[in-house]
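Engineer: I'd like to ask you about the structure that follows.
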Amino acid sequence: MFKDEMRQTPNKPLPIAVVGEAILKQQAIEVRDFDDTLSQLASQMAASMVEAKGVGIAAPQVHSPLALFIMASRPNERYPDAPLMEPLVVVNPQIVLRSLQLEKGEEGCLSVPGQRFTIWRPQTIVVRYQNLAGQWQHSELTGFIARIFQHEFDHLQGITLLERSQMPEQKLMAQEGKPQA
């Protein structure tokens, strides 16, 4: 059904999965085919993200099991102070290194509508991923951009913002008011 919907409307936004839907609990599967279908999915994901005023979206959020997400930080109603970046399609991502320095930030999620949570995350990460052509890329990301990457990466692990906010380390840091070293 998902591929049929993609073929019928190549640039139309896709429906966004919300908390409680099984796809959001599943581990994403590795992308092996870097073809027009993948590019089309990325295009529709981008349209879905823009329509929902997001700064990122993961394939499971549009009912696809693939290990793929898009980051496109830009100031908008939900994130007025977001830095501006060109949209980046991230395929088969890996977080290679996480800094010990943590920072808290407010996050929302297209799959947890109307809610915001304060989440602690590593301030800097080193990542590895493939682009739409299948070429491996390496980057060091900091601040808000690192936060987006980690948030979307969580979706590929079957973790939504709601689950992340309930993890013991989040509760401990909230009680302490500072990151644990």
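Any Cβ shown, glycine's included, is placed from N, Cα and C.
Straight out of Swiss-Prot:
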ACT_SITE  GLU152  active site
BINDING   CYS109, HIS151, HIS155  Fe cation binding site
Engineer: Check each residue in the chain of CYS109 (Fe cation binding site) that is at least six apart in sequence and keep those whose C-beta is under 8 Å from its C-beta; list them in sequence order.
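Structural biologist: Result: GLN115, HIS151, THR160, LEU161, LEU162.
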Engineer: Quick one: give me the count of other CB atoms within 10 A of the CB of HIS151 (Fe cation binding site).
Structural biologist: 24
Engineer: Around the Cβ of HIS155 (Fe cation binding site), how many other Cβ atoms lie within 10 Å? Please give the count over every shown protein chain.
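Structural biologist: Step by step: centre on the Cβ of HIS155 (Fe cation binding site), count other Cβ atoms within 10 Å, giving 25.
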Engineer: Are there any residues at least 6 positions away along the chain from the residue listed as 'active site' with a Cβ closer than 8 Å to its Cβ? List them or say none.
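Structural biologist: Spatial neighbours, sequence-distant, of the residue listed as 'active site': GLY56, ILE57, ALA58, PHE69, ILE70, MET71, VAL90.
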